[in-house]
Amino acid sequence: MTTTPKPLVLMILDGFGHSDSPESNAVYAAKKPVLDRLWATVPNGLISGSGMDVGLPDGQMGNSEVGHMNLGAGRVVYQDFTRVTKAIRDGEFFENPTICAAVDKAVAAGKAVHFMGLLSDGGVHSHQDHLIAMAELAFKRGAEKIYLHAFLDGRDTPPKSAASSIELLDATFQALGKGRIASLIGRYYAMDRDNRWDRVAQAYNLIVDGKGEINAATAQEGLEAAYARGESDEFVKATSIGEPVKVEDGDAVVFMNFRADRARELSRVFVEDGFKEFERARQPKVQYVGLTQYAESIPAPAAFAPGSLENVLGDYLAKNGKTQLRIAETEKYAHVTFFFSGGREEPFPGEERILIPSPKVATYDLQPEMSAPEVTDRIVEAIENQRYDVIVVNYANGDMVGHSGVFEAAVKAVECLDTCVGRIVEALEKVGGEALITADHGNVEQMADESTGQAHTAHTTEPVPFIYVGKRDLKVREGGVLADVAPTMLKLLGLEKPAEMTGTSILV
């Protein structure tokens, strides 16, 4: 077996995107002879770090947690919102075994299918498109009685914006010819997370026994009456719609929120036999399903169970007897360890970690170099002593100084990074090692909002650089994403990628 160059260094320049526009672009403005030389002379290109390419909704800017998860996993790691949306688009949602089992059992017994959740397009806890899909699933599987218990938003959406969402679901039921909205209540009651059980009790009694403070003929009338009482969406009081509906033994109940924290309390009331927070008038025996896992302690199946990431890069390197070093300063240490390892806290066998403290300043524009020089000292030392097969480093400057919105400081941050990259490349050349230079998402390449002229402190959807430093004659293919980086590293290391890694090498 031929020996591969050692070490292979993955440099993650956090928040270092690429923009063709020179406007407010700290990367463009900075004096960066090393990166300019690499860009002109070695294999390089751009890869995507945002939207569906990293498991987020279309057009959504990337972030450090998601970026490092994708970089280390070697596959697109879909977030819960996106997992559900993608399953609906692909048609898989309508065959989901957990939901279908609950619905089919209820249908076979002539029972009702109830589903509940936050009815809005906020996309933080739920999405109305998911509720529409649930209505369609119940209809397709033969349910005659389909009831939506709608929780109104007004926090992740404007305070009085529920009318359009109600209209959408009313239209869905009308088109299906089956089903209706059975109740309305504000999320203040149904989605408490502070153990205010008096609020949760009102939601539970409304859903299970149809007991509302108010009854309205239609959901729209119920909403209008709430507004007339001075309530905004979040605080709409328990309102039963039409003939009050009850949840009976044998019914299916599906909670359609994908975010866990505000779904736990109401779920507990439905499924805990020894529940003691308030006295339930009834606890019907239902087929209860959560869209995701709300807590391990809640005895209910999840339609989209948490995916455990097997054979992430760190794990696979360990299985193949490779040594690795993870290094970052405080601000990004969790990203280069926990998130890069697919949500695992403990180091893998043969993995060592170095944490360099971030400087104690109020904001990093006051010290744009942060602790990058100290991080670089330790990497150069590790390269020279040849102890590790792989070194993964995060440089926090582009992101943390980018968030300050101070252009001059961001330029200094990029210039500092250029010096650090130069030192690492020089050390690698001495020992015959290799490097990949990339980023997790954009930020520092846009420091002002073009429309307002104000400081731009957020991430961007710009692509990020991908640079190969080494002696092999390789080319960078187009269309790469963050999930392709780990398979690229395995190719350089002479290792077959595991089946779980669906990314493909960027170097060809």
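Yeah, the Cβs are placed from backbone N, Cα and C, and that goes for glycine too.
Database features (Swiss-Prot):
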type     : residues                                                   : note
BINDING  : D14, S64, D440, H441                                       : Mn(2+) 2 binding site
ACT_SITE : S64                                                        : active site, phosphoserine intermediate
BINDING  : H125, R155, D156, R187, R193, R259, A260, D261, R262, K332 : substrate binding site
BINDING  : D399, H403, H459                                           : Mn(2+) 1 binding site
Distance, D156 (substrate binding site) to D14 (Mn(2+) 2 binding site) (CA atoms, angstrom): 28
Other C-beta atoms that fall within 10 angstroms of the C-beta of R262 (substrate binding site): 20
D14, D399 as binding-site residues, winner by CB count within 10 A: D399
Among D156, D440, which are binding-site residues, the residue with the most C-beta atoms within 10 angstroms of its C-beta: D440
Same-chain residues at least 6 apart in sequence whose Cβ lies under 8 Å from R193 (substrate binding site): D261, R262, R264, E265
Which of H125, H441, all binding-site residues, has a Cβ with the fewest other Cβ atoms inside 10 Å: H125
D399, H403, H459 excluded, remaining Cβ within 8 Å of their centroid (Mn(2+) 1): D14, G15, S64, G398, M400, G402, H441, N443, V444, T457, A458
Under 8 Å by Cβ from S64 (Mn(2+) 2 binding site), same chain, sequence gap 6 or more: D14, G15, K332, H335, F339, D399, D440, H441
Same-chain residues at least 6 apart in sequence whose Cβ lies under 8 Å from H403 (Mn(2+) 1 binding site): G15, Y364, N443, T457, A458
Per-residue Cβ crowding (10 Å cut-off), top of binding-site residues A260, H459: H459
DSSP-derived class (H/G/I helix, E/B strand, else coil) of H459 (Mn(2+) 1 binding site): coil
H459 (Mn(2+) 1 binding site) and A260 (substrate binding site), distance between Cα atoms, whole Å: 25
Length of the line joining the Cα atoms of H459 (Mn(2+) 1 binding site) and D156 (substrate binding site), in Å: 20
Other residues, Cβ within 8 Å of D14, S64, D440, H441 Cβ centroid (Mn(2+) 2 site): I12, G15, G49, G62, N63, G67, H68, K332, H335, D399, A439, N443, H459
